[in-house]
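Sequence annotations record features per position, and here TrEMBL assigns transmembrane segment to C:6-28, C:40-66, C:130-148, C:182-200, C:212-234, C:279-298, C:357-379, C:399-417, C:429-446, C:452-471, C:483-501, C:616-638 (among others). Residues annotated as domain 'Cytochrome c assembly protein' in TrEMBL: C:94-300. Residues or ranges marked as domain 'Cytochrome c-type biogenesis protein CcmF C-terminal' in TrEMBL: C:320-635. According to TrEMBL, the region 'Disordered' annotation covers C:648-669.
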Amino acid sequence: MRLLYLIPLALFLFFAGVAGYQLTKPKQTAIPSQMVEQALPEFELPPALDGMPGASRADFVGGKPKLLNIWASWCVPCIAEAPHLERLKEEGVEIIGIAVRDRPEAVSGFLSRYGNPYTRIGADDISELMLAVGASGVPETYVIDAEGNIRYQHIGDIRENHVDLLLEKLEEAG
Amino acid sequence: MRLFIALLALIAVQLTGPVAAQSGMPPAPYAYTQLEDPALEAEATALMHTLRCLKCQSQSIADSDAPMAGDMRHQVRSRLLAGESADEVRDWLTQRYGDYVSYEPTVSSTTWPLFAIPLLLLALVGLVLLRRLGKRGSHADGAA
Amino acid sequence: MIAELGHAALWLATALAVLQMVAGALGLREMGLKNANAGVVALARPAAVVQAFLATLAFFLLLYAFAITDLSIKLVATNSHSMKPFIYKLTGTWGNHEGSMLLWVAVLALSGGLLAGLERRLPEKTMSATLSVQGFVALGFYSFLLISSNPFERLPLPAPEGSGLNPLLQDIGLAIHPPTLYIGYVGLSVAFSLCMGALITKQVTPDFAKVMRPWVLGAWVFLTFGITAGSYWAYYELGWGGWWFWDPVENASLMPWLAATALLHSVSVLAARDALRTWTIMLGVLAFSMSMLGTFLVRSGVITSVHAFAVDPERGSFILALLGLYIGGALVIFAMRAGYIAEGKRFTATSREGALVFNNVMLSAILAIVLLGTLYPVFTEVFDVRVSVGPPYFNPAGAIFAIPMFVVMAIGPLLRWKDDKPARIQFEMMMLAAIAISVIALVAFFGSYGFLPILGLAFAAALGVAALLPLRGRKLSRVPTATYGMVMAHFGVAVSLFGMASESAFTAEKLAAVSAGGQEQVADWTIELESVDPIAGPNWTAVEARVIATRGDGESVLLTPQARNFWAPSQATSESALLTTWDGQLYAVIGDSAGVDANGNPRWQLRIWWKPFVTFIWYGGLLIAFGGVLSIIGRLQVDLRRRSAIKRGKERREDAEAIGSSAAPEPAE
């Protein structure tokens, strides 16, 4: 048996090993932002609805660490995370919202139906901020410290068990 | 295999979900509008074909109706228009999304085998050909 | 009843596969000592034939269930809808995992049955081994179907209505592309079994190559046709004018094709010159391995693709186990046996074989690149690193090997077998180089285009001429049909290459928000949006644009692209409108509404492309496939002629014996 003839078998076994291993773990679909542990980029977004201020980078600097919540009224998981954002607000967390590709009437309709945990909501009509922070979908939530640095990224809707985790991350960032 | 079976499904899901849900928000200015300068537009098109649509399964932002792909196209065109080079725009995106966003792998600590293996292959091909075809002398019907 | 009948047919076929496997394996025992199992051994062939009938029956029963929308069957209820047009009810049979797997298995059984029924030239032992392997392969896929993907599963209560078929699949493309591709993939299983049979019995001979060649050619023709059809389908269905994106699933169809292309060339060398024995066996194993690998990639969910089936790790594990069994097993046997197969006859670099070997190696290298690029993201995910590999990688990396391959492909057919002097074809080589260089100069003079497209145009021109050169100076009526096949296929490569290069170099694109009456210009076409109206189809509503396209001062043509909304399942698609002329295609798509213009009239997004000679990509693909068909016809002609010649010779001898005296000399053989 020549060694040469074993090469295809070795290559195949290598592939089978990797593929078998991959099958045992859940398929990773989230695309983590590379901006974590970096400064929140400069931005300035107009208000997403009348009666509430818009959002800019300056709003994050100073005071306590804050949450940056990227959401939209057309996004179904955002409805699911609304009560948990409400709880975070009750815990004294300041949440600044970014409404992606949204209309003022739709935003206010969503808020009156599912509650308004936000102190400010910026309108991101062209995913400007979303792309700037490396978000790949809605909803996503970021922990921003008092120096304006991104400390943690949460991909997808916030479930009940994520609330304490986020509080912890806010604590760490403080 | 089976190129396009049940399959195309996934894009379409991306396609409809947001489109239907986002009831008529106009797309970003440069999502569906070309740049005036044909040379710059050609550069943008070439670049867009090599950037991955993050909301889709496996499509470039140049081939997708997903709103986020449109917003990324806007970024590409407006940044080129503002004088950035194609590489700068690509870097801006990979700084945010990592190598995943670019279909053009560059040599890095995670991608070097993609470049090393073809070189190895080239050497191997050369070797195989030399062994099989190089020895002009031994071509007499050698004992089979 | 339909479901139960189909299910029973599958179980019976499974039992027959076991019988075929065992009978074939027994046939390997020494025949000499009056094999006590001779009766069982003889059952291998009929088992394969009956199995083919049963598996095909099962498939047709499922087809029938879809045709009448039998909503008590789970598969029908989850993938069909009573309101769907009839043709899509039928094609929907294989527009899902279970149904397509049943089609896969039916084709597998059918090719096994054809092999068992028709093939009489191989030594009986090799045939037994081949049938045994074929039965073994079939058994695995029957088990997969029955255990984890039963297409005939009943619902406890019939569903009131089906959930419908993905609208993107509600297209004639689904009727053509998957079945042809499957026939190609699965046809390669015969080559695989034959190779294993020959390897086990150490009978890697030119006769074996002649037996295998039509199977390889046939599978390759279907693969070529299937890929061509799939590419065109994606091109017009996805609405962005792309025809190949190096998507993992597209690559999964390309890899068996590359392997089969290499295989069919090396099998020709083996048949004609008794060389490249181990190499041919390796390629035979590789080609079907790539088919199965594709099945795994598409159905297991380890890759991300627009074309992937619903993800299911359990199915993935099952297919991976089958892969391990078949590919792993084949490679083990290969490693053990290949050393016993002598390498065969030698030849020089400047010979027909030399050129064929060169291109075989190049094709394999391209295959390796595609495989690497496709699987690399899977490997890095083990370390939680996600990377993307796309056209900017595949195009140049593939070109490194494709460029020398095209050079050798141009001159290879002009060389003689065994040994030749390059000086003999000096004139041809100079001429081809001159053509290529003048095309490069011409194109580079008139505009600035990418390096690869220019090179593509140059090679297309040179290859187009080179493909016809083997006919030069020969009496055309005397040229063998198989040679015409080769000429046609090689010419098809040139045509296809021309289309690809032209599309990527010269495409003109226009994106615009247009209101009714508005005009746009793309290349030398004037596009006018006449109106946008709502229309309704059987299971969709749509807005349809009436677009008038005029070329220069020529006649106006009406194009009607649609943006459709299906309701079962709820989904939107773009129906592109294509205007085909001899020199290209105008491609129009209507997108979303885009606000209002200055006068308050609604505007619509229009996407228009003028793609010069893009159609040549698929014309070329068809030419390649038909070249393969001609080649098969040519081989069969020769084969039949030889058979009847042998028969006549035998009759003559028998006659002579009958007439002749006992003093007649013994025949030399």
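Numbers here mean position along the shown chain, with the first residue as 1.
Yeah, the Cβs are placed from backbone N, Cα and C, and that goes for glycine too.
No curator has checked TrEMBL annotations; they are predicted automatically.
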Chain residues outside the transmembrane segment (C:279-298) and at least six past its termini with a C-beta under 8 angstroms from it: 104, 185-186, 188-189, 191-192, 194-196, 198-199, 204, 209, 212, 216, 219, 248-249, 252-253, 255-256, 258-260, 262-263, 266-267, 269-270, 305, 307-309, 316, 319-320, 322-323, 326-327, 330-331, 334, 338, 341, 357, 360, 364, 367, 374
Other parts of the chain folded back onto the transmembrane segment (C:6-28), taken as Cβ under 8 Å at six or more residues beyond its ends: 35, 37, 40-44, 47-48, 50-51, 54-55, 57-58, 61-62, 65, 109, 112, 116, 124-125, 127-136, 138-139, 142-143, 145-146, 150-152, 200-201
Distal contacts, the transmembrane segment (C:212-234) - CB-CB under 8 A, six or more residues away: 111, 115, 171, 173, 176-188, 190-191, 194-195, 242-244, 250, 253-254, 256-257, 260-261, 263-264, 267-268, 271, 284, 287, 617-618, 621-622, 624-625, 628-629, 631-632, 635-636
Averaged pLDDT score, the domain 'Cytochrome c assembly protein' (C:94-300): 91
